[in-house]
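*Asks:* Provided herewith is a single structure, encoded as C-alpha cells, for subsequent inquiry.
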Number of protein chains: 2
Amino acid sequence: MDCKRTVFFISDRTGVTVENLGHSLLNQFEGVALDCFTVPFVDSVERSHAVLNKINIIASLTQQQVIVISSLVNPELRALFDHHDHIVHMDFFSTFMPPLEQALNMRARMIAGLTHGIADERRYDERMEAVNFALSNDDGITEKNYHAADIILIGVSRSGKTPTCLYLALQYGILAANYPLTQDDLDHNQIPKMIAPYRDKLFGLTIDYKRLSRIREERRPHSKYANPLNCDFEVRTAESLFKRYNIPNLSTTNRSVEELAAAIMQMKNLSRRS
Amino acid sequence: MDCKRTVFFISDRTGVTVENLGHSLLNQFEGVALDCFTVPFVDSVERSHAVLNKINIIASLTQQQVIVISSLVNPELRALFDHHDHIVHMDFFSTFMPPLEQALNMRARMIAGLTHGIADERRYDERMEAVNFALSNDDGITEKNYHAADIILIGVSRSGKTPTCLYLALQYGILAANYPLTQDDLDHNQIPKMIAPYRDKLFGLTIDYKRLSRIREERRPHSKYANPLNCDFEVRTAESLFKRYNIPNLSTTNRSVEELAAAIMQMKNLSRRS
C-alpha cells in the first residue's frame, strides 16, 4: 500500500469497546498504514453529521474509501453512514442484532446508553471500593485487610503487582492486595510471616530479569537495585519460593495487565464481583 | 421468558472486548434472564473442545439453544462452534474480516494474539508509567510533577478523582494528577495556589450532594464530612469556582469512570499517548 487508509471508530458511548475490537481486526493486516480516529458519544443527529462531514472531507482529499467501524444503537444515526460509495461501514448492532433477536425470539429495544454507565449504583460502587482497596493495600502497606482480599499478588519490586491489582479492581471489582518480596524475604527463602496465613490467596508474579533490570534502571539508574545480576538473583529466588510452596504464578514479561488479570481470574477461579 | 438463556463469550485473548460488546447487545433485550460465561484464552483445539463440551451439556440440560459470541482469530477453532442446531454462533472475525479484506484489498493474516499483549514494549511501559504517575500524584500529595501532567483533576473529596485518573492512565496512558479541594480552598473561593500556574490543565469533577453524602457516609458514618448539608455546601462552592474560572467540568453522579475518561479526553482534546 502506498497510501494511508483512514479508519473511524464511532460509538454512542465511550468508544473503547469498538476501538479495541477494531484494532484486533486491523492488526491482522500487515504493513497497512492507518490513520485512526475514535469518536465517542455520537448520540445525536448533529454529532453524526459532524463526523460524517469530517469523513467526507477526508475521503475526498485522500481519494480513498474511509473505513467506519461503529457501534450505534440508534438505527437512524447508523443509517447516515450507510450507502456512501466512499465509506465502508461495519456496524455491530445492525450485524449482530438480527441473529440475536431471532435466538431470543424477541425484539431489541434499541435504546442507547444502557451499558457502561452507572446502571447499577451498588455494583458500580463496589467496583470503586475495589479500587480504594487496591490503593490502600498496595505494596504491603498494611496487613490488616489481607483477610478481606480476594487475592494477594506477590513478587519482587517492579514485577507488575500494582497495575495488575488496579486493573483487577477497575475491570472486575476484585479486592486485590499485594505484597512485595523484599531482600529480607528472599534471604530467608520462606513465605513472609505477614502473608503466611493467606496461602490460598497468594498468586506470584515473575519477570525476565533483563526486562526487570531495564524497568528498574528507569527508576534508579546504575543502582544495585537495577543491576542485572541482582535482578537475576531476586527473580530466581522468588521463583523457587513459588515452586516450593506451590504458589500459582505467571510471568509479566510479555503479558499486559489486561492479559494478566484475565489469566489470574481464570487460574484462581475468581468471578466478577457484584 | 420462563427460562434462563445461556451465553458464552469465547475469546482467544482476554475476553474483555467480546464480553463488553456482548453485554451491550444483550442489554437491549429487556427481561431476559441470562447466565453468562466468559472463557478467555481459547487458543487451542483442546481448549475449544473443552468449552464445546460444556456448551453441549448445558444445551442438553436446558433444552435451549446456547448463544455463543466469539472472537477467535483461528478459523479452525471458530468452525468448531458452527453448524450445531443447539448453538447460535456469532463470531466477530468471520463477520467483519471479509468486508475489511475487500476494503483493504488484502488478505488478513489470521494470527492470534496480535493485540492487547505487549506488542510494543515502549508504548506499554509508558502506559504503566502513567499508572505510577497517577499514584504518586494522587490527592495533592506533591505539586512537583504538575508541570509534567497532561491533566489535573480537581474536585471535593470523594467526587471520583482518583479512579478517573487511574483509568485515564491505564486505558489511555495519560499523565493524570489530581488535587482535592479542601475546606480551606473552598472558604477562600479561589483557585488554590498550588494549581494556579496550571490553569489550562485543570478539569473539574462535581457530583450530586446526596450521592456524595451516601459515598462519604460509607467512609465516616455520622460525620460532618458526610453530612448532606456540608456536602451541599462543598459541591456548590466547588461548582461556583469552576464557573468563575471557566474550568471545564463534569458531574460524576451518573457517569462511570469509563465514560468520564472518554468525555474528558474529548473535552480537553487529549490523545492517547505514544
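Each Cβ is built from the backbone N, Cα and C atoms, and glycine gets one as well.
Residues or ranges marked as ADP binding site by TrEMBL: A:G155, A:V156, A:S157, A:R158, A:S159, A:G160, A:K161, A:T162.
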*Asks:* I'd like to know which binding-site residues lie near chain B: of A:G155, A:V156, A:R158, A:S159, A:K161, A:T162, which have a CB under 8 A from one of its CB atoms?
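*Replies:* Qualifying residues, whose Cβ lies under 8 Å from chain B: A:T162.
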*Asks:* Compute the mean position of the Cβ atoms of A:G155, A:V156, A:S157, A:R158, A:S159, A:G160, A:K161, A:T162, which form the recorded ADP site, and then list in sequence order the other residues of that chain whose Cβ is within 8 Å of it.
*Replies:* A:N178, A:P180, A:L205, A:I207, A:T252
*Asks:* Let me check the 10 A CB neighbour count of A:G160 (ADP binding site). How many other CB atoms are there?
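*Replies:* I count 24 other Cβ atoms within 10 Å of it.
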*Asks:* I'd like the Cβ neighbour count for A:S159 (ADP binding site), meaning other Cβ atoms within 10 Å of its Cβ, all protein chains included.
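*Replies:* That number is 27.
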*Asks:* Near A:V156 (ADP binding site), how many other Cβ atoms are within 10 Å of its Cβ?
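*Replies:* That number is 26.
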*Asks:* Could you find out if DSSP has A:S159 (ADP binding site) as helix, strand or coil?
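*Replies:* SS state of A:S159 (ADP binding site) = coil.
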*Asks:* Return the single residue from the binding-site residues list (A:R158, A:K161) that has the minimum number of other CB atoms within 10 Å.
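*Replies:* Lowest Cβ count within 10 Å among the binding-site residues (A:R158, A:K161) is A:R158.
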*Asks:* I need the most crowded of these binding-site residues: A:S157, A:T162. Count other C-beta atoms within 10 angstroms of each C-beta and give me the top one.
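*Replies:* Answer by Cβ density within 10 Å: A:T162.
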